[in-house]
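Chemist: Sending over a structure as structure tokens; questions will come in a sec.
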Amino acid sequence: MGTQKVTVSLIFALSIATIGSFQFGYNTGVINAPETIIKDFLNYTLEEKSENLPTEVLLTSLWSLSVAIFSVGGMIGSFSVGLFVNRFGRRNSMLMVNLLAVAGGCLMGFCKIAQSVEMLILGRLIIGLFCGLCTGFVPMYIGEISPTALRGAFGTLNQLGIVIGILVAQIFGLKVIMGTEELWPLLLGFTIIPAVLQSAALPFCPESPRFLLINRKEEENAKEILQRLWGTQDVSQDIQEMKDESARMAQEKQVTVLELFRSRSYRQPIIISIMLQLSQQLSGINAVFYYSTGIFKDAGVEEPIYATIGAGVVNTIFTVVSLFLVERAGRRTLHMIGLGGMAVCSILMTISLLLKDNYNWMSFVCIGAILVFVAFFEIGPGPIPWFIVAELFSQGPRPAAMAVAGCSNWTSNFLVGLLFPSAAFYLGAYVFIIFTGFLIVFLVFTFFKVPETRGRTFEEITRAFEGQGQDANRAEKGPIVEMNSMQPVKETATV
């Protein structure tokens, strides 16, 4: 195999694909800052239509629906990933669904002019559907066009796009920018602009070479794309690996969601995929970001919104750090370090929130614990679950696996957003102990069950789960579940 390079074509394709991740992050964070202003809009609109003052219960219910409907759309979208990528390809699927982003953005952007609560809620549902699809398309596309030796580092770009989107939403939501009574519809409708930019650029990006060869049997086209993306003429080994995988697929029936759980070959990797997604959402990170302003306020910070933005900056910085670490330390090791660090920080958050009224300096301990909590999240549980799912499965079951994993992520996201306020009300500062328990469970699971995939081809990983070639694995590098994450990789890549 020739030396694989990081080419301009590869960076361009990765950057354009990551716009979908940015959209997910932006639309996740954009609804938080203008909460009071949007509630005033709901109140005024309902009063104008019914000529009666709406009850507090109705207003709260509509606000909660406006927030939660995004996750409902995400669940539906993530479960529909396979319907698109198997028929239209990875790139074309990303291109097509931008219509949803434009439609959702228009509905939200014009809801105030139309004085329509329904347009706001429908827009959030549609944009959630779009983001749910993106959470499947983007990591799948990135994983399939990246060189094996850099697949983990480039896989982290998906999470980097998400956290940059959240940070931009937080900044744009400031009152000095678009978080005002007049401009909040533009804040929500801004999602149209990245959708248009991505739509204009995607035709210049290549289709996934794995999709072209394995699904459409276009070997020459796939070979040409690999040579252009990786900057080497010698891609024969990669082409042969894809052809072998294609031959295996031809002997198997199409893999459905149910088949993932019925087949012994797929059962372990799909359980690992689901648990990794749950480890991301049940770690407490969304509880921290959804309610960070209130947490900082409780900790005694005078301008909590800026402290929340500070947490977003830390989020972004450590995602970049993870990008450089993931191919050196390995996925499994970083995930365990992240989970362990978050568990310690969640205990510190609980203690500092309990004692801040007695000791003023505990407020600073709380803020520090939150920032370090976010940093550990981006070292492991933030980026790794998204791209490792694509690594655990071959071409056939990958779309169904991405759908199940994505739906697990969105469902747990929805449940945390729904249940955390009540849990915080009844448990107070002790609420983060719940997340500590989850973090410890996921840490133990990762130690015993999650394989190290660094430097492994898709075929090697799949065969290890199928139980094939175990003798060779023991002789050369040990069983996959026991792989040392610090082993040197075989492939090389240069910039």
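The backbone N, Cα and C atoms fix where each Cβ goes, and this holds for glycine too.
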Chemist: Since Swiss-Prot lists Q159, Q280, Q281, N286, E378, W386 for D-glucose, which candidate among N215, N221, N315 does it give for that site as well?
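Modeler: Of N215, N221, N315, N315 joins Q159, Q280, Q281, N286, E378, W386 in the D-glucose site that Swiss-Prot records.
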Chemist: If you compare the topological domain names in Swiss-Prot, are E118 and F465 on one side of the membrane?
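Modeler: Going by what Swiss-Prot records, F465 is on the opposite face of the membrane from E118.
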Chemist: For which of N43, N409 does Swiss-Prot record the feature N-linked glycosylation site?
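Modeler: Checked Swiss-Prot: the N-linked glycosylation site annotation sits on N43.
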Chemist: Any chance the transmembrane segment (154-174) and the transmembrane segment (364-389) have 3 or more Cβ pairs under 8 A, given the pairs are 6 or more apart in sequence?
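Modeler: Touching, yes - the transmembrane segment (154-174) and the transmembrane segment (364-389) meet the threshold of 3 or more Cβ pairs under 8 Å.
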Chemist: Per the definition of 3+ C-beta pairs under 8 A with sequence separation of 6 or more, do the transmembrane segment (332-352) and the transmembrane segment (119-142) touch?
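Modeler: No; fewer than 3 Cβ pairs under 8 Å.
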Chemist: Which entry in the list of binding-site residues, Q159, Q281, N315, has its Cβ near the fewest other Cβ atoms, using 10 Å as the limit?
Modeler: Q281
Chemist: As a test: from 119-142, 305-325, 430-450, pick the stretch that has the greatest number of Cβ pairs under 8 Å with the transmembrane segment (184-204).
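Modeler: Answer, by Cβ pair count: 119-142.
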Chemist: In angstrom units, rounded to an integer, how far apart are the Cα atoms of E378 (D-glucose binding site) and T232 (phosphothreonine)?
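Modeler: Between the Cα atoms of E378 (D-glucose binding site) and T232 (phosphothreonine), the distance comes to 32 Å.
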Chemist: Find the shortest Cα-Cα separation between T232 (phosphothreonine) and the binding-site residues Q159, Q280, N286, and name the residue that gives it.
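Modeler: Nearest by Cα distance to T232 (phosphothreonine): Q159.
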Chemist: Take a look at 65-85, 305-325, 400-420, 430-450 and tell me which one has the most Cβ pairs under 8 Å to the transmembrane segment (270-290).
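Modeler: Most Cβ pairs under 8 Å with the transmembrane segment (270-290) come from 400-420.
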Chemist: Under 8 Å, at least three CB pairs between the transmembrane segment (400-420) and the transmembrane segment (11-32) (pairs 6 or more apart)?
Modeler: no
